Amino acid sequence: MLFIKSLLLLLSLIFAVSNATGYVGFKVDGPGCNATKIITLENGACQTVCTNLYGKVTPTNDPSKFNLNPFIDVDCKTPLMAEQQVTCLPDNKPFKVSTLTVTCIPDTTSSSTSPSSTSPSSTSPASTLIGSIAFVTLAALFALI
């Protein structure tokens, strides 16, 4: 019985970690934007996106979906528009958010996305957090069995 619990726990760890990885940042192109600048995924931190455009990005339970909150002030207190949930597209395909074109940068340590030569090699803090939470939750459930 202990062997089965251990095996299930190991499989849940592998599943949680493999599903927690996804994207580490974004490239934004449009008026006042530098299309070569990578905006790293910093969970909920106010960041400069383009000239006079700031934003917060928060991950969701799906590693390819994010909530975007655009602001017009450097303190991220005055919203430009309502929060939008966006889905990163595979193979570095860009998508539109209002007048901006966004390209998600995949995590090169992830097998669930296509590698990119411009991708950073670090693991996303948000992905690590999601994976840790998923693992701890599954471990607690298996401990109760």
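Keep in mind that glycine also has a Cβ here, set from the backbone N, Cα and C atoms.
Swiss-Prot gives the label N-linked glycosylation site to one of N19, N34, namely N34. All protein chains shown were included, and the count of other CB atoms within 10 Å of the CB of N34 (N-linked glycosylation site) stands at 14.
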